[in-house]
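Per Swiss-Prot, the feature repeat 'LRR 1' maps to 78-101. For 125-149, the entry in Swiss-Prot reads repeat 'LRR 3'. Residues or ranges marked as repeat 'LRR 4' by Swiss-Prot on the basis of sequence analysis: 150-173. Taken from Swiss-Prot, the feature repeat 'LRR 5' applies to 175-197. Summarising the annotation, Swiss-Prot assigns repeat 'LRR 6' to 198-221. Sequence annotations record features per position, and here Swiss-Prot assigns repeat 'LRR 8' to 246-269. What Swiss-Prot lists as repeat 'LRR 9' is 271-290. Per Swiss-Prot, repeat 'LRR 10' is recorded for 291-315. Sequence annotations record features per position, and here Swiss-Prot assigns repeat 'LRR 12' to 343-365 based on sequence analysis. Residues or ranges marked as repeat 'LRR 13' in Swiss-Prot (evidence: sequence analysis): 374-397. Feature annotation from Swiss-Prot assigns repeat 'LRR 14' to 399-419; the stated evidence is sequence analysis. Feature annotation from Swiss-Prot assigns repeat 'LRR 15' to 420-442. Marked as signal peptide by Swiss-Prot: 1-18. Residues or ranges marked as topological domain 'Extracellular' in Swiss-Prot: 19-513. Taken from Swiss-Prot, the feature topological domain 'Cytoplasmic' covers 535-594. Annotation comment: Swiss-Prot describes 514-534 as transmembrane segment.
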Amino acid sequence: MRSLLSFVLLALARIAISEETKSCIDIEKGFKEEFNAHKQPVCICADNGIFSTVKGFTIECESASIASVSENLASLNGTELGRLTIRDSTVNVLPQDLFENVFAKQVKLERCGLSTLQPNSFQSLGGSAELLSLRENRIKKLEKGLFTGLKSLKTLDLAMNKIQEIDVGAFEELKKVEELLLNENDIRVLKTGTFDGMKNLKKLTLQNCNLEIIQKGAFRGLNSLEQLILSNNNLENIDWTIFSALKNLRVLDLGSNKISNVEMKSFPKLEKLVLNNNTIDSMKSIKLKDLPSLVVALFDRNKIESIGDMDMFGLTRSDRIETLSLARNNLSQISPKAFQHTPNLITLLLQYNQIEELSSHSPSQVRTPFLASLKKLVTLQLSSNNLSVIRSDELPKSLSSLALDHNVISKIEARALEGMEIKRLYLHSNKLNYLYQGTFDSFSPKSVEAVDVSLNPWVCVCNDPKEWLPRWLEASEEADVAEGALGCLAIPNCGQKEGSTVMPEEEEVYRSGWITVAATILTIVTIVIMVIIAMLYFKDARYQFPLRGRRSDSDLHKLIENDPLNIASDSILVVPAMPKRNTGPKKTVRFQNF
């Protein structure tokens, strides 16, 4: 009862004080006239302005002793602040009265060497602080009662400390906190009940913490948790039931650990599952079931060698899944019906594997394209595999972006891309000598956004009008994003159709000739005009000789200065441009080494 009365009295006192309007000038008058290590005032004030997300004044105190900072903050007398930042000060133990006169929505105490927190250190911030940042300090342990009184806090940032141990109940009073950042610490074990009381927590970040063990019940009570980031740790053998209570979980990131087996069941709201850069060697080791909201699944940078017909059966109910990544594995075998359980895929990433063809062979040697069931696929990444042939029935007709670069492709069948509205096509760094006429007929050169066919051993017959690819690339203009040599495809007019009257080079020479003639005529006319003006000038000067007296040197100097023909030697004669000839459709000529 006494503590409640004290809180009410303190609140009333602050309200009474805040009625008196202050400015940064008024606030800084109360600060001590001393300077920090950079010869600047210990604390300065700034107004956040009308466009800031944080209303009120900002106080910044940098590179000074905590005693000096404390003396300056004492003068605030409860003035309402938007943000208080204390940075690069020296403090090992946080004084309990440091924030006694502070009333701020955001409080940051960063890079101060802080190692010890005392109970109730932040109690005076309870009625105002919504964000508390203690990142980049040296805190080693979080004890129970440290955060007592922070009843309005929504974000707690403890990243980049040296935290090794968290007492059970350390966060139990942070009932309104929605985001907790603990990344880049040294928390090897998460104990049962570590996050008790955080019923409104929505995002928990624990990446890069050397985490090895998560005890059962560590996440109990986190009924509102939506994002759990556990990447870049040393997790190996996980009891997957530790996540079972997280029914509102939308994102689970377990990337860059040592996980070899996965078992995720009954997460009705899970949208993104990240398991990249682990030690999974088989899709059979990934058991997924009842994930109806799953949209993105990332399994890249593992050791998966094959995908069987039933390996992804658990995703049958995940009819919202759009993106699947298996890049940078050791994939060489994909069964004919491997993707039949994920027919709604839009993006499939298979680059940097050992795939040799896009079809599988049954025991009876019947060839079956394994991408045939993906009728909605828009983006397919197959870069850096061992593909040698692309057949006419192997690619989904829905494709818009196709990457086949850095393979050993020597043949693409004439109808392989038929019916596709390709926007981005990458065929560079293969072994293509030619493409059948009509290969690109389904998409016009004007409609593509990017195409690259460079670094192939192209063979061209430039005097043959049937040599279509050079003309197609020329028509694509800026969409041709070739990063390497195009070989004979870059020869000007290669494959040019007969009947063209003026080649681009001839047209340029023709146009340049007319410009030269026009410039010569204008030069001669100008010289004639200058001669006539000079003659008139001397004729006029002859009638001035009978005048008495002589011009002074200054008169002669003035005469020369005012002479309209006194043109500097480096003057530029501007020749009017000749009218443009009607040359028909615009032609683009590309000059490249070949």
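Glycine is treated like the rest: Cβ placed from N, Cα and C.
Sequence-remote contacts of a segment are chain residues at least 6 beyond its ends whose Cβ falls under 8 Å from one of its Cβ atoms, and for the repeat 'LRR 15' (420-442) they are 383, 388, 395, 397-414, 448-459, 466, 468-469, 472, 482-484. Residues 122-123, 125-144, 179-188, 190-198, 205 of the same chain lie 6 or more positions beyond the ends of the repeat 'LRR 4' (150-173) yet place their CB under 8 Å from a CB of it. Taken residue by residue, the repeat 'LRR 8' (246-269) breaks down under DSSP into 0 helix, 7 strand, 17 coil.
For the repeat 'LRR 13' (374-397), residue counts in helix, strand and coil come to 0 helix, 5 strand, 19 coil, using DSSP. Remote same-chain partners of the repeat 'LRR 13' (374-397), defined as residues 6 or more beyond its termini with a Cβ less than 8 Å from a stretch Cβ, comprise 327, 339, 342-359, 403-420, 426, 431. The DSSP breakdown of the repeat 'LRR 12' (343-365), given as helix, strand and coil counts, is 0 helix, 6 strand, 17 coil.
Per DSSP, the secondary structure of the repeat 'LRR 5' (175-197) breaks down as 0 helix, 5 strand, 18 coil.
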